[in-house]
Amino acid sequence: MTAYKSGDPTTINRLYGRAKGKPLRQGQQALVDELLPQISMPAEGPITAEALFGEPRPLHFEIGFGGGEHMAFRADMLPDHGFIGAEPFLNGVAQALTHVSGDNGQHPPIPNVRIHHGDALEVLRRIPDGSLSFLYLLHPDPWPKARHAKRRMMNDGPVDLFAAKLRPGGEFRFGTDHAVYLRHALMVMRRHKHQFEWLAKDARDFQVRPGGWPETRYEHKARTVYGHEVWYFRFRRR
């Protein structure tokens, strides 16, 4: 039984955001039609490493993987681990498939990735408690208006769910370039200090990107085009 509270006003019961943008290019559509069904999550049943990859292995989950650069990089770096990602935006899924496919067939496909085109919360609810080694939430939609604050993924209900699904010693990584969301997220995590230990020892630990944490296209644009500062947070499940 998880600590996830479906009636909590700080709990979102579905992910908000757009589902599709500009039309897909021909190659992207081909990947959606051909590759996505091969590496999609099963429609029913518990989501475990054994069910997805045929053997026990450390399991990583990325919520809203954007263009998939981070997920593909980490999966390629850790071939003995299993990576799952959820993204409701079809164009992001298509971009991720380009990375996973080995840049449209120029390299061998990355075999240890599974994708869900849809709501990350649906996936989390099907993962047995204590199963995840890593959970990533990188640059989620900040929903800056106060009346939309309950739509933020960083709220008490979802964070309780994160804690339930991570194993003891597992790691939750959060990144943002939005100052309002930064303050909101830290307030939320402070309320969950009994579940998570913040791994920062000094300011550099959250102002400098850690090793093995690649810069995504979104992050690069935030820094270079908009001049945003980016913050990186690592929390260990107690």
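Each residue's number is its place along the chain shown, starting with 1.
Cβ coordinates come from backbone N, Cα and C, glycine included.
Taking Cβ-Cβ distances under 8 Å and a sequence separation of 6 or more, the neighbours of E87 (S-adenosyl-L-methionine binding site) in its chain are G64, F65, G66, G68, V93, A96, I115, H116, H117, A120. The annotation S-adenosyl-L-methionine binding site is assigned in Swiss-Prot to E62, E87, D119, D141 on the grounds of sequence analysis.
D141 (S-adenosyl-L-methionine binding site) falls within neither a helix nor a strand when secondary structure is assigned with DSSP, and so counts as coil. D141 (S-adenosyl-L-methionine binding site) has a Cβ environment of 16 other Cβ atoms inside 10 Å. Taken from Swiss-Prot, the feature active site applies to D141, supported by similarity to another entry.
The feature substrate binding site is assigned by Swiss-Prot to K145, D177, T216, R217, Y218, E219, with sequence analysis given as support. Of all Cβ atoms in the shown protein chains, 13 besides its own fall within 10 Å of the Cβ of R217 (substrate binding site). According to DSSP, R217 (substrate binding site) sits within a helical segment.
Note on D177 (substrate binding site): other Cβ atoms within 10 Å of its Cβ, all shown chains, come to 19.
Fewest other C-beta atoms within 10 angstroms, among the binding-site residues E62, D119, E219, are seen around D119. D141 (S-adenosyl-L-methionine binding site) sits 10 Å from D177 (substrate binding site), taking the CA atoms of both as reference points. The secondary structure of E62 (S-adenosyl-L-methionine binding site), as reduced to three states from DSSP, is extended strand. Between the binding-site residues K145, T216, Y218, the minimum number of other C-beta atoms within 10 Å of a residue's C-beta occurs at K145.
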